[in-house]
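Single-structure report; data block below.
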Amino acid sequence: MSKIFVNPSAIRAGLADLEMAEETVDLINKNIEDNQAHLQGEPIEVDNLPEDMRRLHLDDEKPSGLGGMAKAGEVKYREDFQMDEGEDPNLLFQSYLDNVGVQIVRQMRSGERFLKIWSQTVEEIISYVTVNFPNPPGRSSEDKSTQTTGRELKKETTSASYQRDSQSSKARMAAQTASGPPALEWSATNEEDDLSVEAEIAHQIAESFSKKHKFPSRSSGIFLYNFEQLKMNLDDIVKEAKNVPGVTRLAHDGSKLPLRCVLGWVGLANSKKFQLLVEPDKLNKIMQDDLNRYTSS
């Protein structure tokens, strides 16, 4: 059963996005309270009205804040999700976030990458907030500080959207490069991708850390060797393994790595004992054969 490694930087980035989402919700709640400030009179009892009378809508040429919100998204919102009169939108949003968390856990257990799951989840949360908490039209009595806050929030949202589009474009370019000729080596486009590649390499090496591989010896025989005998830190092994042609590309795609080739490469570069035991020419041929077999499959 494969293990899932989540990078601390990815978790911190996710927590930062959640904090931004909470701040957005607080601002939305404040706008909703401001828009409902005029609803301080006695409520109209409609229990005794005929059933069809309750469905009537009054058209006013002077739209209020609440009426503007209703015109912007009421029709589609009622078709997709009918909210009861007594339900609090904040509670519904909290319930939605709980369901999102459960879905993230399920997707991670199924083997999907955390960064891919999180980017999709952020887009879904933004869409939910946009549909269910639309921005009300401006009022003449609106406070200037609220207007300034709204403009700053809009600029931040636009900037974040532009950054996401830019990163997606870079990721697509990297994928096209990776799918080109085998001689072209995939390179990480940002820190998150690079960390995910390192995590995949470390995961596969750690699973076979004590597994012995056969290597040609100088005495025309063979000898057994494993990663544990290198006496190296796993991070240093991963750093050296990334220099093996084709390994970062295979790790990015989630494919199986040629671990014997990686071990031979790291051993030649860092272990004097391995250098004394192995026959270099035969090892080079074995490593090249392993690379060709894994990159062509």
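Glycine residues also receive a Cβ, built from the backbone N, Cα and C atoms like all the rest.
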> Pick from 49-58, 109-118, 179-188: which range does Swiss-Prot record as motif 'Nuclear export signal'?
Replying inline: 49-58
>> Looking at 87-90, 135-138, 211-214, 279-282, I want to know which stretch Swiss-Prot calls motif 'Nuclear localization signal'.
In response: 211-214
> Could you state the CA-to-CA distance between S271 (phosphoserine) and S210 (phosphoserine) to the nearest Å?
Replying inline: 16
>> Looking only at the motif 'Nuclear localization signal' (211-214), how are its residues distributed among DSSP helix, strand and coil?
In response: 0 helix, 2 strand, 2 coil
